């Protein structure tokens, strides 16, 4: 019995040992699993938080980029819509184009009293008001030669009017668009011309400065004609020259053509920074650059100018002018391209109307920097005028 039971006992012991070892490994595995879960609980949220923050930051950045892009797209569509709408607006309302041509509503310099030219350093200048037509009043400045500045102090309008009959020649100055007769570069030119012994008479067209009326090419030309006749009625046999600048060259050639047709031409015509006609000038103007290649540019932008009665056809007018002609133009003119002034000269020079008169073109090199309105700064200007117009003899008393 003892021998038979020993193997059984040994077998039971081995099974118990095996059972205990298997239960131990299971317990160990269970314990490892618990530790792993505990570690995950401890480390999981801390590791997940940076990932969540990064995701949120990326979403915000993408949202901002999307918002910026949407705003840029809206701005782009608005600009594009405005770009397309402007030509149609101008076509439907030709008066807009007329205002852009005249720019009479741009009054610079601001806050000056045109009744007091002495405030602009013109202490030998008188302010007048003339009435070319009913309901139209224009402001006029008359600057006497600089050699008379002492005698001119405190004198009234009658003294200035009588002074036109002196032996000094007279320049009727027709200014361009925008501003007034008190514009800085205009005042500086009056001073130069006055120092050379000329009377200078200038005015603001109807609708400019303190002048009353509605601007138009016809009205501007009629205002100039009225002032010219007013001068001639007081100047006797003194030479009267007409000087036009920029848009004023269009008024000047309109005026001189009319004077030649009635056989009372001026003694000379001076055109500073002239163009050929208003259509070519508008097409060449810097403001037209963004629309120059727009489909139907002429129909949208140029035809409304013509339909408003604005032509300023210098190229046609010079064919009917019979008096000496001097053209001054700076090569670096950014407003009226130099080639338009040269083209006008090439039209005028061979014209039959000038066969008995001198036609001269004087360019000013771009290095001088005179651009559109600073030719008055040229030290050569007195010599140019003296050679073309003749010497103005100064008088020291009146």
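Every residue, even glycine, has its Cβ placed from backbone N, Cα and C.
Listed in Swiss-Prot:
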ACT_SITE  246  active site, nucleophile
ACT_SITE  333  active site, charge relay system
ACT_SITE  372  active site, charge relay system
CARBOHYD  123  N-linked glycosylation site
TOPO_DOM  1-74  topological domain 'Cytoplasmic'
TOPO_DOM  96-398  topological domain 'Extracellular'
TRANSMEM  75-95  transmembrane segment
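Under 8 Å from some Cβ of the transmembrane segment (75-95) lie the Cβ atoms of residues 290-291, 294, 296, 299-301, 303-305, 307-308, all in the same chain and six or more residues away from its ends. Rounded to a whole value, the Cα-Cα separation of residue 372 (active site, charge relay system) and residue 333 (active site, charge relay system) is 5 Å.
Residues near residue 246 (active site, nucleophile) in space but far in sequence (CB under 8 A, at least 6 apart, same chain), listed by position: 175, 176, 177, 272, 273, 274, 335, 336, 372, 373. Residue 123 (N-linked glycosylation site) counts 14 other C-beta atoms within 10 Å of its own C-beta, drawing on all protein chains shown. When the active-site residues 333, 372 are compared by the number of other CB atoms within 10 angstroms of each CB, 372 has the fewest.
In the three-state DSSP scheme, the residue listed as 'active site, nucleophile' is classed as coil. Each residue contributes its Cα atom, and for residue 123 (N-linked glycosylation site) and residue 333 (active site, charge relay system) these two points are 31 Å apart. Averaged over the topological domain 'Extracellular' (96-398), the predicted model has a pLDDT of 94. In the three-state DSSP scheme, the residue listed as 'N-linked glycosylation site' is classed as coil.
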